[in-house]
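**Q** Structure below; questions to follow.
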């Protein structure tokens, strides 16, 4: 009988040999699990600490600029009229609409007053919400009215604290962008410190608070941070959708708060276009960004009652042209090197022609001329023929629209920012050129390889392009294009210098950058890269702290006080001695203050993006030209003027050189020879009349029959116009 029994196994046989084997399998798994948990906890700790540092730096920046503003003006101690006068030029105009909304009997009445405004431009009713980007003032005034804070906070403080609070958002966005690019929050810390220590060149919020760019740039920085995150590889679909939503919201808010949004986003679209042409960004994400720009701008267009300047913007025409050209040229990224290069040139020409054609068609259909002064200015600025156009010359002669001064670079170099920036920019540009050339020929070689070799080829290409990831490539082109803009136009430097802080700090803390450098000099090791990546930024931070901390403390302890008695006297006189319905003429900058401080009606103002207003301003400025009293009186009365304010600082201007003084621009535009020694165009002729602003002070009968002086101090002369039948 056959039976089955269990086999006896000795102590030294298989069973014993299997047990250690199981232990060997368990221990590595446990170690991997432990390492994974440790890394996860470390990441959470790093993100928490980095987030706390970001928020702290943002809040400290807000407190810093608020303190500087208070110390410079003694804002808490001066009178209301002095606070309002401190909002110079167009800042005062924008703040006046916030004041109107606060003082209105109801929100509905305030909105009605903005939509049907007849005090900003005399004898005209205009829609302020259509013409200007003042939705932020509307929103803030409504928020102030509904929140229970009226007893604790004055309206002006609610306004300025909001702007200073946006600086916190700005700094946090710069911090996050640098962190995303480098992978360490130390980079964000360095970017924020550079932003603060280079404050003179990175922001002017403390003395131009209501300026549109101070509202818009924080949202632009948030948009750049969101785009940087969007361009990272291996995002989950949910992450991608949420990031696209963030990009859209930031783009919309940026567009809503600044009239120059379309030009900034056009440069951004050009950056995307360049990178997409060289296959350095994911095509699908680029298309989404084009669509977001168009949709955000069109939504603003709707809110601004279909503002024609938005519809005729180059951005909409360019983005539409790119999307159309994509559908026409579907095989753009296929073929050999020469074939692809030829297609690329054809693609660029097609987009350019379509852009000009669509833009011309839109402007002709809608009869748009709102932005023609900008193109006249650009044409004259870049040497495409001299111009006698008054508006173009008005911009050309302003320092803010000139070339970036060289002393800017010396200030940026003092903090090491400029040196580091140029160093990183050079390395990244070289890498970008290599990657772009490689991408042009990648598809051709890929097609020649078949089978399993294609996988190895892709892996090698990924290794080659790791030094320039899509998010880094975008920020590289972004900083180059906005750098060119800043170099050509000083006013736009704030778009560049803030991003310069981000880009330089990213390069100093980037593993890829140091890896590339060390490989070039044959000193690369992973450990050495890691040490340099953290030690160099820390040394830089210590240097900045040592050199600039005492200066910041001195700056915060320096106390000044607002002092402009002549303007205060003028505003008080107007409020006390003129009817509420009186119409005032004068310089754009002064009249903005007149509207804010007194509520009187204006003939012209500093928001220059309207053709009729530009023509009106040129006519009003004949008070500083060589015109007869009869002509000046007729011109002023055609705009319903009751009072005209003459300023000695304009009539006897010495700030600008000959040829750029306001009176010179008017003389040339009128065909008259300019005052003073110097050359004149051969076709200019002597004027038949003396300069009006000078001659009227002699109280000659030919002037007194039309104008009566009613107020005078060291700076201003106010004349009441005679109302002839």
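Residue 1 is the first one shown; counting continues down the chain.
Backbone N, Cα and C define each Cβ position, glycine as well.
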**Q** With the ranges 372-393, 394-415, 416-437 to choose from, which does TrEMBL describe as transmembrane segment?
**A** 416-437
**Q** According to TrEMBL, transmembrane segment applies to one of these ranges: 110-130, 131-151, 215-235, 446-466. Which one is it?
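**A** From TrEMBL, the annotated transmembrane segment range turns out to be 215-235.
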**Q** Any chance the transmembrane segment (270-291) and the transmembrane segment (472-490) are in contact, meaning at least three CB pairs closer than 8 A with a sequence separation of 6+?
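**A** Yes, these stretches are in contact.
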**Q** As a test: from 41-66, 168-195, 496-518, 530-549, pick the stretch that has the greatest number of Cβ pairs under 8 Å with the transmembrane segment (416-437).
**A** 496-518
**Q** Report, as numbers and ranges, every residue of the chain located at least six residues beyond the transmembrane segment (297-324) whose Cβ falls under 8 Å of a Cβ in that stretch; write 'none' if there are none.
**A** 127, 129-131, 133, 135, 252, 255-256, 259, 261-263, 265-266, 269-270, 273, 287, 290-291, 350-352, 354-356, 358-359, 362-363, 366, 368, 370-371, 609
**Q** Which range wins on Cβ pairs under 8 Å with the transmembrane segment (496-518): 168-195, 215-235, 530-549?
**A** 168-195
